[in-house]
Amino acid sequence: MAVERTLSIIKPDAVAKNVIGEIYTRFEKAGLKIVAARMMHLSREQAEGFYAVHKERPFFKDLVDFMISGPVIVQALEGENAVALHRDIMGATNPKDAAPGTIRADFAESIDENAVHGSDSLENAGKEIAFFFKPEEICARTR
């Protein structure tokens, strides 16, 4: 098993529901450590840049509009197989398909407002973490 890092975003709908602490508890109980975190209100430019891979998809404008509709919490998580573990904790993209007890099953309303984002691969995790955090902003968790 490899120690990995992944990017996680608590989206505006979950921030508005005031479930940040509950989501963090799930990360930590699963063995993921928060090594960087920040609350921010994404600009349109930031949201478009982050989700540029989806630029030609029909949902792109709605996704960007949603992501700038309120503050988000962006964090880098670290742990054994962090990418896959985080995706398991989040649940399926569509909360209707998400397993009971996952973040999306418990806190998301729809596929459009689905509470959280997580990197889909180790390669993308590195790119996504670098989008939001400078290397010196990531704290080693050795204790």
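Residue numbers in this text run from 1 along the chain shown.
Heads up, the Cβ atoms here are built off N, Cα and C, so glycines get one too.
Not measured: the values here are computed from a predicted model.
Sequence annotations record features per position, and here Swiss-Prot assigns active site, pros-phosphohistidine intermediate to His117 based on sequence analysis. Look at Swiss-Prot and you will find Lys11, Phe59, Arg87, Thr93, Arg104, Asn114 tagged as ATP binding site, backed by sequence analysis.
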Checklist line | Inter-residue Cα distance where the pair is His117 (active site, pros-phosphohistidine intermediate) and Arg87 (ATP binding site), in Å | finding: 9
Check: In terms of DSSP three-state secondary structure, what is the assignment for Arg87 (ATP binding site)?
Finding: helix
Margin query: Can you give me the Cα-Cα distance between Thr93 (ATP binding site) and His117 (active site, pros-phosphohistidine intermediate) in Å, rounded to a whole number?
Written below: 9
Item checked: For ATP: widest Cα to Cα gap among Lys11, Phe59, Arg87, Thr93, Arg104, Asn114 in Å -> 21
Margin query: Just to verify: the residue among Thr93, Asn114 with the fewest other Cβ atoms within 10 Å, which of the binding-site residues is it?
Written below: Thr93
